[in-house]
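Encoded as structure tokens, the structure appears first; notes follow it.
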Amino acid sequence: AAMALPGELWAELSAERRIFCSVLVFSWAVYLWEAFLAHRQRRVYRTTTHVPQELGTIMDSETFEKSRLYQLDKSTFSFWSGLYSEVEGTMILLCGGIPFLWKLSGHISGHAGFGQEYEIVQSLVFLLLATLFSAVTGLPWSLYNTFVIEEKHGFNQQTLGFFFKDAIKKFVVTQCILLPVTSLLLYIIKIGGDYFFIYAWLFTLVVSLVLVTIYADYIAPLFDKFIPLPEGELKQQIETMAKSIDFPLTKVYVVEGSKRSSHSNAYFYGFFKNKRIVLFDTLLEDYSALNKEPAEGEDDENEETKPKAKNKKQGCKNEEVLAVLCHELGHWKLGHTIKNIIISQMNSFLCFFLFAVLIGRKELFTAFGFYDTQPTLIGLMIIFQFIFSPYNEVLSFCLTVLSRRFEFQADAFAKELGKAKDLYSALIKLNKDNLGFPVSDWIFSMWHYSHPPLLERLQALKDTKQE
């Protein structure tokens, strides 16, 4: 008999097998596309060994080489961890890992006196086991990334004890938020009737707003020390700048990011008339622990962090910090924050609506090994994680493009307020401090960079700077 064509074989498959195969094929297609992009970018890291002419005034050859080697190591690590993740996900699907874990959760909750009618309890056990599995399998990768790659390039500031204490704390805090929120969401879906998707969406909206509100005051301080920015010139300048653009600033904090890493950052949070600004100590030249000699006896008090490497002067001057903050506040003034929230909530509503349409389809459950039961949590997982994955990829790319546009607009806002020169030098310093590599493959950059490449941002600021 003549060999059957792929199209004929596909036509003979049941709806369940088609769904299952499509999910696997798409997952590998995305992985191969990402691997292709990463390969193109790795080639840039390997071949660009000298500072390009247009970067001559921005970057010295020593920093250029350091950043090249750092990004090359990160890219190689990313390749292997990505491959492992893809193989692990495929094996879990092929070997029926999800229905196995669901049955195991049923046995555990059954032993605790909760029968099959307690689906929400079984769902929470499933969630706990799944996140525990994920944390354990991800641990070697996280350890290697922190203590080999980040350590080798001078960024890691953690000891092994601090790392594990941090990881356990993160896991416990995550469960304390995830389990109650999930149980309430499942309950709402179960009792919500025909319009459950509206109630489920409203519930997730409220939860996300509450988390944003309490994160920096109650959750972040569990991991890092936040101290109010001391009175002085910088604080006055920040308050004056906030006032000039009507930003309702209530507090400015410095966070001890240097206990974990020497990467730097700044952000603002809060709703309505209650905004706070958070600056990482690594961003501030005057506060960065990496620029200070440890005081006598300080090492004894603080055994969790390593002795700081005195390899470079880090951070930005006050004027540069103000320029960086001006860029961040530009996002607020130009409505980027609100636009992102609206897009996110529209997407969330659409996903819940489509979930309501699809949840009754038995073949979605049987495709993943659930022949007798249709648990709500598993439905959420199958539809949001697997069925929506093509849509999620497209959305992610569109948001990356939008984010780049917002970054240019926030730079232009800082430029209008006369901060072009200081932002120009701050971007160069931050790129140097974080060992960012300023040359990128155009497709890789287009697909992945939520911030425009350094050269493009500097070019946009250059005209005003030179005036």
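Cβ atoms here come from the backbone N, Cα and C positions, even for glycine.
Per TrEMBL, the feature active site maps to Glu328. With a cut-off of 8 Å between CB atoms and residues at least 6 apart in sequence, the same chain places Ala266, Tyr267, Phe268, Ile277, Ala410 near Glu328 (active site), listed in sequence order.
Look at TrEMBL and you will find Asp411 tagged as active site, proton donor. Counting Cβ atoms from all protein chains shown, Asp411 (active site, proton donor) has 26 others lying within 10 Å of its own Cβ.
Under the heading Zn(2+) binding site, TrEMBL lists His327, His331, Glu407. In the structure as shown, the Cβ atom of His331 (Zn(2+) binding site) sits within 10 Å of 20 other Cβ atoms.
Taken from TrEMBL, the feature domain 'CAAX prenyl protease 1 N-terminal' covers 41-225. Mean pLDDT for the domain 'CAAX prenyl protease 1 N-terminal' (41-225) in the predicted structure: 93.
Marked as domain 'Peptidase M48' by TrEMBL: 228-464.
TrEMBL lists 293-312 with the feature region 'Disordered'.
Residues 10, 79, 82-83, 86, 89-90, 93, 363-364, 367-368, 386-387, 389-390, 393, 441, 443-444, 447-448 of the same chain lie 6 or more positions beyond the ends of the transmembrane segment (17-37) yet place their CB under 8 Å from a CB of it. What TrEMBL records for 17-37 (among others) is transmembrane segment.
Away from its own ends, the transmembrane segment (120-144) comes close to residues 77, 81, 84, 88, 101-102, 104-106, 108-109, 112, 114, 163, 167, 171, 174-175, 178-179, 182-183, 186-187, 190, 375-377 of its chain (Cβ-Cβ under 8 Å, at least six residues beyond either end). Annotation comment: TrEMBL describes 120-144 (among others) as transmembrane segment.
The feature transmembrane segment is assigned by TrEMBL to 171-189 (among others).
Residues or ranges marked as transmembrane segment by TrEMBL: 195-216 (among others).
Per TrEMBL, transmembrane segment is recorded for 349-371 (among others).
The feature transmembrane segment is assigned by TrEMBL to 377-402 (among others).
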Validating a neighbour-count step here. Other CB atoms within 10 A of the CB of His327 (Zn(2+) binding site): how many? 24
Same-chain residues at least 6 apart in sequence whose Cβ lies under 8 Å from Glu407 (Zn(2+) binding site): Ser450, His451, Pro452, Arg457
Quick check: which same-chain residues outside His327, His331, Glu407 lie with their CB within 8 A of the centre of the Zn(2+) site CB atoms? Glu328, Gly330, His336, Phe406, Gln409, Ala410, Asp411, Phe413, Ala414
